[in-house]
Amino acid sequence: MKIKNAQLTKAAGLDKLKQKLAQAGSSDTKSSSEKPTTKVPEKVAKEKVVKKKSVLDSSVPTMAEHVSTETSPRRIRAKNRSSFASEDSTIPSPVSVDTESTAFSPPVVEEVVSPLESAEPEIVEPTPASIVDEPETTIQEPPPPKKEAELVVKKEPPKNVVSIKSNFGPTGKHINHLLAKTFKAPKKEDKPAPKERTGTVQTKPQQSSEVPSDKQHSSNNRQSQPFYRRDTSKRPGSDFRDRSKKDDSPKAFTGRDRYGLNDSSDDDKWRKKRVQKTKKHYDEHSVQRPTHIKVPLPITIKDLAAEMKLKASELIQKMFIHGMTYVVNDVLDNETTVQFIGLEFGCTIDIDSSEQDKLCIESNTVKEEIQETDPSQLIIRPPIVAFMGHVDHGKTTLIDSLRKSNVAAVEAGAITQHMGAFCCSTPVGNITILDTPGHEAFSAMRARGAEVCDIVVLVVAGDEGIKEQTLEAVKHARAANITIVVAINKCDKPNFNADTVYRQLSEINLLPEAWGGTTVTINTSAKTGEGLSELLEMLALQAEVLELKANPEARARGIVIESELHKGLGAVATILVQNGTLHLGEALVFNDCYGKVKTMHNEHNQLMTSASPSVPALITGLSSMPKAGDPFVVVKNEKTAKEIVNARIAGQQKFALQKKRPNFDAMLQNKKILKLIIKADVQGSIEALSSSVLKIVSDKVSAEILSSSVGEISESDIRLAAASKAVIIGFHTGIESHAESLIKNLGVKVHLFNIIYHAVDAVKEMMTALLDPIAEERNLGSAEIKETFKSSQLGTIYGCLVSEGVMTRNQKVRVVRNNEVLWKGNLSSLKRIKEDVKEVKKGLECGILLEGYQNAQVGDILQCYEVIYHPQKL
């Protein structure tokens, strides 16, 4: 092979080497014609490099291997390809081994395809390579002089070159790395410089012969130092020979490994560091807190703190210092409390009532509205009279006599349990009468009746006098500032005594006219009709004095007397118009429901087209059932009514989700709770029954009402009772037909009542049944142990003498020693002269076997007793 680069020859001073190479080239040409084209074995190339080095440095002794050219040497396949290829790409000639010790082999030149297609020769710098071991001897040569040499390299890759098997795949990675994770190319801006393509298979740094492993050093004793071309166009450290060995220690599994973004053979420099979020530090003094704000009521602690630019914890801490315990979601509805909190932080708080003004369609009361009306538009309206008094004092019978009807016969138990509103005609004019219940459970109804009516007729039985509910009715009437007329009823009875009633009235500051006072008193009899005409005249006189007037042309306003759920009509309500006139088809707004009047009936179930002031009516067409006592007002249309009600409900639901605080006192006391579900025919009955149940106070058990609604007992009520283990109380209602079978299947307790005090008594009995009975120990007798006997089968048998009472089998026994109870248990066996007996009387001896106790001694006392359980009281 001819070396065309003259500069390399002159720089290295290889004149003699040039001659040797020329001779070797001629011998190679001859042998190439005889032998097939093969690649030069790497081992032979390494030997030639060693011989070349021996010529350069004669001071180092070399030992060449004498191999004859006649006998062809055994070809050794190289583990890695050489760094240089022969210049002739078509017919590469094999190099023969020189027999002389000073023979040299030319360096193998690797044909490299340059990325720049230029015709100029490329300068290659020869550098010392790693040494390859030979089995015979190991020769170390000093590095050649570091002068650049220029070699001419052909661009055409060699043909018919035997490929060398490698442990690396076409991707350039070891199979272990490919199995571990997939490779994902880096971003364009971070891609490393592309490697130059070579005509032969690329040599990998991990398995390169230039960097031999420890196993290679042990197997091979000779070293070779092939030259390789350094590309100066690449950045420093980009070549695989310049890289240091990476740390093969296992790395932690990260999120990038899951998507194949990490690879052990890749450079980590291209990866971008994750930008860590730095915490923003706020300066408390930099926040400008307002000095004047406007908030609506009610408002939560969280919202108030946001308006004041404060933390909720600061508000809670300040309120706790002043004795107010709140959490972040608690609601503040007191204007004074909100303003006090603002002053503590130097902020003036005003209450914003704009939203409430939109929802409040009535700005004043009915009386104020009438007073502001032009007197020319007012007319005289009938008086509204409420009959109030104690139960069974004859209120309903007296009203029946005035109306000439028989309502009392319809009431269950002959007591009024509903509020009735009637409009009756009398010789003195029309009167609207409200019949309120006299039972103690209907206190809310009596209070509503006192608020609505103009005159209160206090019915007192002449034979019984003033009772508890009578005093309560007086209290309600005085609170509403209503005129009171006393009707002393049952004057036809022989034990009637009006003076006793007068004395009792004077004691409560109702001095009768007969005694010189101002309170009107009339003796009446519902059965004989005595005093009824006088009562009507007195009511008409009081109405003239009060000057009761109303404006029939105004929009209708009034109050709900009673409401119920009808099977065919749905939600119905008994209303009383206080001002204006209610017509069919008008839209109404109640507190939390609305409706459009579809039908209107009077007390005789006759259709009505309008209801004037002081006239009661039964209306239908409501969205839901209003509560008794709710006011109503007529609005423009049903759409407006719906918007107002929805806005009110949304405001209520905003704070309805607030969790109830647990009753820690009840938890500490470990109270038992009776859960109830109440169903009734009307809303007033629910209020009465609920208030009566909640009035049952006990330190050991309490009643809790889970649900209360109007209507029949349905499947949903039964399922709720089964899930919560509650008892259903039905008052003046029934059970749906398809729900009766469900009651038996789920085992739910259902109690139906028509009289309210029967329902209250039943609830008391159920609450008492929840209490654990009190255990009482009653002594039956005692016996002294005189002797003990050991039995292998039964244990210890005690021979006793009954000293007091009777010892009975299958009773409880106490073992007493020195007035101290050692054990309590059952007496399992009792014998008298080897015979089982039920009892042994005083003065007799017996054998006793205790169940589970063998440690009694002679002289101990066995006390026989029985346990008696007594029910607790509320």
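Note that Cβ sites are derived from N, Cα and C of the backbone, with glycine treated the same way.
Since the structure is predicted, the reported quantities are computational estimates derived from the model, not experimental observations.
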| query | Which is it, of 489-492, 609-612, 709-712, 785-788, that Swiss-Prot names as region 'G4'? | reply | 489-492
| message | Quick check on the annotations: Swiss-Prot lists region 'G3' for one of 371-374, 435-438, 467-470, 603-606. Which range is it? | response | 435-438
| field | region 'G2' range according to Swiss-Prot, out of 414-418, 429-433, 729-733 | value | 414-418
| remark: For the region 'G4' (489-492), the DSSP residue counts stand at 0 helix, 1 strand, 3 coil
| message | Going by DSSP, is Asp392 (GTP binding site) sitting in a helix, a strand, or coil? | response | coil
| query | How many other Cβ atoms sit within 10 Å of the Cβ of Gly389 (GTP binding site)? | reply | 28
